[in-house]
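*Asks:* Got a structure for you, written out below as structure tokens; questions coming shortly.
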Amino acid sequence: MVSHLAFLKNMKLKLRTQNLYVRCGLAEFLGTLILILFGCGSVAQMELSGFAKAQFLSVNMAFGFAVTAGAYVCAGVSGAHLNPAVSLAMFILKKLSWKLFLIYCLAQFLGAFIGAALVFSLYYDALHVYSNGNWTVYGPQSTAGIFASYPSEHLSAINGFTDQVIATAALLICILAILDEANNAAPRGLQPFLIGIMVLLVGLAMGFNCGYPINPARDLAPRFFTAIAGWGSEVFSAGGHWWWVPVLGPLVGGVVGAVIYEVFIEFHHPSPNQKQESEEPTEGINRPHYELVQSSA
């Protein structure tokens, strides 16, 4: 027992790092891995069981809670971006340096890639039975959609791009509101849970067109994995070379959402002096206030 504890202590001393870039990179890697493991795992369970073990609603819930789980894993270290679109928005808002932005994106991509590999390993036998070992992108026994998004038959690339911009912008607006201390920020311990609820809401409202990827790392890294694992280059050519839409669309949407929140909310927060003056009682002025209203029904 003593030697075991000594071994763990020795390993901790050897592996421990105070380097900010390494710490944040490791945190984003693990948080994103958790997101993909639970999120894509829920899709695999739904598809491979023929919708007997799960439905689209359960996938929506799984991705929402997967974001929550991944965020709780790393929020105290890196802030739990788990998404290059979020990291780009924070970089634009000057809340993240360009070096950290690059490290975050790389860590998120690698985490998503390994997460996809774990889902593949977890359901390897089920994948073989379901598809007879024939990895396909389209068709009745297709399985590529477990790992990455593909457009519905009705969806054009332009409409898909618009879908991703709108969905990611809406998500970023909500995230910034949850984090905004000058607005009505949620308690720190609840922020990952509420952000997961926002992802669930996006899935419930905007998942029909292409499955709401809203995250370049979540879509592109598993797509690369499927290309290597046996699905081939069709994962990039399918859907009229759809692959770029869930990469570029969320990045644009993240910036759009951040700008909208800044222009409509952040720019108009009172300065500390103005806030102090506004708290002083003034006769004849009824200021807006926020309160929870209890229903008697």
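Just so you know, glycine gets a Cβ as well, placed from its N, Cα and C.
The model shown is predicted, which means the values in this text are computed figures rather than measured ones.
Pasting the relevant annotations from TrEMBL:
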TRANSMEM  20-44  transmembrane segment
TRANSMEM  56-80  transmembrane segment
TRANSMEM  101-124  transmembrane segment
TRANSMEM  161-180  transmembrane segment
TRANSMEM  192-214  transmembrane segment
TRANSMEM  242-265  transmembrane segment
REGION    272-297  region 'Disordered'
*Asks:* So are the transmembrane segment (161-180) and the transmembrane segment (242-265) touching or not, going by 3+ C-beta pairs under 8 A with a sequence gap of 6 or more?
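*Replies:* Counting Cβ pairs under 8 Å, at least 3, so yes.
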*Asks:* Spell out yes or no: are there three or more C-beta pairs under 8 angstroms between the transmembrane segment (192-214) and the transmembrane segment (56-80), with each pair 6 or more apart in sequence?
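*Replies:* In this chain the transmembrane segment (192-214) contacts the transmembrane segment (56-80) - 3 or more Cβ pairs sit under 8 Å.
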*Asks:* For the transmembrane segment (56-80), which stretch among 20-44, 101-124, 242-265 has the most Cβ pairs under 8 A?
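*Replies:* If we count Cβ pairs closer than 8 Å to the transmembrane segment (56-80), 20-44 scores highest.
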*Asks:* At a C-beta cut-off of under 8 Å, are there same-chain residues at least 6 beyond the transmembrane segment (242-265) that contact it? List them, or none.
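*Replies:* Distant Cβ neighbours of the transmembrane segment (242-265) are 83-86, 88-90, 92-93, 148-151, 157, 160-173, 176-177, 180, 183, 210, 213-216, 219-220, 223, 235-236.
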*Asks:* Under 8 Å between C-beta atoms and at least six residues away from its ends: which parts of the chain pack against the transmembrane segment (101-124)?
*Replies:* 21, 24-37, 40-41, 44-45, 48, 78, 81-84, 87-88, 90-91, 146-147, 217-218, 220-222, 224-226, 229
